[in-house]
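Input: a single structure, listed below in structure tokens.
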């Protein structure tokens, strides 16, 4: 549970970045994060409830959307409440075990979410380009298997990265320059040789994520080709309005994750790192429900029924 440092002392806790040094700003940060967190809980909670209660929405697309909402709820709950608590109680500390757990859970959920977004693009591709095969290619058992693979791959990825990161000896103190425990920031505390091993693993994961991204883009190119052949203006509009937000969310998510983990330390600044990590860890859980529900007639109707 404790990390040995090269000079013979133990690290039993890390210090996270303080958002503000005055009490007023700390409280402002607390209320701001609370607002964002409640918006994410409400948005994702409503989507899960609407889909669970409306039998017409028990289709593969909405099954994956429920999975996405669960992953979003998990990932924002891993980082934001701890940052809020630290601001409220004017502390920066997080225990060694707490930090390892935060890394594990956030890598697990973010990886699983990315694999799931890949699956969702495949789902849209089948629905729009091969509608007659939809039932056979994505039956209920198929959907369960696919989502289990997404969650399982995320779990495996998290085990690898967490074990690797926390087995590296840390020799540069225990202050993490970020509002949650993030692998690149923990690696900064280690010596260069040890650091390269995990960077290699991150590069392999980045290639995998980039492969998923290529798959998503190819799926959408096929979808857009099919959409352009739809004779009615309304049909085209409907297809574009479900696909473009998805593509926007995926692009923002992937570019910020890869940038945060692979950029050279020389172009690092606290503000830039903070913005980038905020964009991949806090923004998607709040944006996804809006992107997927506001432009979706079926979900709007299901929500109206609830209210």
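Backbone N, Cα and C atoms are what each Cβ position is placed from, and that goes for glycine too.
The domain 'G-protein coupled receptors family 1 profile' annotation in TrEMBL covers 43-292.
The transmembrane segment annotation in TrEMBL covers 28-50 (among others). Panel annotation: around the transmembrane segment (28-50), residues 19-20, 57, 65-66, 69-70, 72-73, 76-77, 80-81, 83-84, 87-88, 282, 285-286, 288-290, 292-293, 299, 302-303, 305-306 of the same chain, lying at least six beyond its termini, place a Cβ under 8 Å from a Cβ of the stretch.
Residues annotated as transmembrane segment in TrEMBL: 93-117 (among others).
The transmembrane segment annotation in TrEMBL covers 138-160 (among others).
Residues or ranges marked as transmembrane segment by TrEMBL: 199-221 (among others).
What TrEMBL lists as transmembrane segment is 242-262 (among others).
Among the features that TrEMBL reports, transmembrane segment is placed at 274-294 (among others).
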>> Is the transmembrane segment (93-117) in contact with the transmembrane segment (242-262), using at least 3 Cβ pairs under 8 Å (sequence separation of 6 or more) as the test?
In response: yes
> So which of 93-117, 138-160, 199-221 is most in touch with the transmembrane segment (274-294), counting Cβ pairs under 8 Å?
Replying inline: 93-117
